[in-house]
């Protein structure tokens with residue numbers, strides 16, 4: 001157990017868990033989000049992006065910003081929680097973690113509301129000019145969340161603690177709270193409350209979408225595959241929230257209370273759970289691109305064409321290889337072996 005004038009405990013399994021999970025997420029996330037951004041840049045001229053595509057591009061950028069910090073966290077946990085690079089990079093990594101988490105929540109929220117309007121008020125939504133609104137909302141989200149996260153850049157988020165074997169000191173990153181700090185507790189209560197407010201609004205909008213799609217008269221429905229894609233999109237957004245964001249925010253407040261010393265009975269168990277929810281939280285960078293497949297027709301078509309061309313090229317490659325074999329060795333002939341001396 002770590003004691004440094006606070007109530008901290010340690011979960012040593014994280015020094016193995018985080019490097020593995022973050023390495024996988026980094027590779028998959030950079031490939032997936034980089035590909036998404038390339039597809040958007042290739043298929044959609046910037047002036048033709050509608051509101052929902054603007055939100056999707058911003059969500060991708062937020063994911064990529066966080067992914068760029070993962071190598072720092074991989075090194076940190078590989079060194080058993082010792083921050084060996086510049087202190088400012090600790091502040092920057094924490095800042096981008098906060099920005100990605102709550103930009104993702106915000107953009108998934110406005111994407112859901114956009115789909116809710118399209119289903120609940122289709123005529124009004126079709127007549128609306130939404131590009132300007134998409135740009136405005138995106139700027140508001142970025143500015144408000146970045147301004148809040150700038151606090152992490154202005155303070156020293158590292159602290160020095162002795163090693164367990166007593167052989168020296170190590171530098172922790174974002175692992176120190178002043179005991180019984182009321183301002184920190186208030187901030188965490190506010191953030192957690194805001195998250196669940198947004199989550200319940202998203203849940204309500206998605207339930208309305210599902211109910212409308214399932215109960216709308218057949219004559220008003222489009223092709224069955226369109227309805228099926230819409231339902232899958234709703235389920236995917238809810239899955240991202242339930243898998244990535246909800247567990248972290250359920251554990252966050254009890255964990256904060258334990259870290260501050262208000263409740264220490266189950267501190268170790270809560271801290272263990274907190275490490276797992278941090279891993280789940282980071283998986284949103286990999287799951288977000290899945291949502292795009294259900295939202296844009298061109299994106300799905302592009303993926304289908306690429307997948308089909310890859311399968312065709314493999315078949316052609318195998319066919320060419322077989323043809324070459326038949327040309328080199330016809331079936332009615334046998335190879336001539338060299339004479340032995």
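Even glycines carry a Cβ here, placed using N, Cα and C.
Going by Swiss-Prot, these are the annotated features:
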TOPO_DOM  1-16  topological domain 'Extracellular'
CARBOHYD  4  N-linked glycosylation site
TRANSMEM  17-38  transmembrane segment
TOPO_DOM  39-54  topological domain 'Cytoplasmic'
TRANSMEM  55-74  transmembrane segment
TOPO_DOM  75-91  topological domain 'Extracellular'
DISULFID  90-173  disulfide bond
TRANSMEM  92-113  transmembrane segment
TOPO_DOM  114-133  topological domain 'Cytoplasmic'
TRANSMEM  134-155  transmembrane segment
TOPO_DOM  156-184  topological domain 'Extracellular'
CARBOHYD  169  N-linked glycosylation site
TRANSMEM  185-205  transmembrane segment
TOPO_DOM  206-233  topological domain 'Cytoplasmic'
TRANSMEM  234-254  transmembrane segment
TOPO_DOM  255-275  topological domain 'Extracellular'
TRANSMEM  276-295  transmembrane segment
TOPO_DOM  296-341  topological domain 'Cytoplasmic'
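Feature map: annotations from Swiss-Prot on the structure.
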residue : record                      : Cβ neighbours (10 Å)
90      : disulfide bond              : 22
169     : N-linked glycosylation site : 10
173     : disulfide bond              : 21
Segment proximity, the transmembrane segment (92-113) to the transmembrane segment (134-155), 3 or more C-beta pairs under 8 Å: yes
C-alpha spacing of residue 90 (disulfide bond) relative to residue 169 (N-linked glycosylation site), in angstrom: 17
Highest-contact recorded stretch vs the transmembrane segment (92-113), from 17-38, 55-74, 234-254, CB pairs under 8 Å: 55-74
DSSP residue counts for the topological domain 'Cytoplasmic' (39-54), split into helix, strand and coil: 12 helix, 0 strand, 4 coil
Sequence-remote partners of the topological domain 'Extracellular' (255-275) [C-beta within less than 8 Å, at least six residues beyond its ends]: 6-11, 13-14, 17-18, 177-181, 184-185, 188, 248
The transmembrane segment (185-205) and the transmembrane segment (234-254) contact flag, 3+ Cβ pairs under 8 angstroms: yes
Secondary-structure category, per DSSP, in which residue 90 (disulfide bond) falls: helix
Per-region confidence, the topological domain 'Cytoplasmic' (114-133) (mean pLDDT, whole number): 74
Counts by DSSP class (helix H/G/I, strand E/B, coil) across the topological domain 'Extracellular' (255-275): 15 helix, 0 strand, 6 coil
Cβ-based contact of the transmembrane segment (55-74) with the transmembrane segment (17-38), 3 or more pairs under 8 Å: yes
Chain residues outside the topological domain 'Extracellular' (75-91) and at least six past its termini with a C-beta under 8 angstroms from it: 10, 14-15, 17-19, 22, 152-153, 155-158, 170-175
Residue 173 (disulfide bond): secondary structure state under DSSP, collapsed to three categories: strand
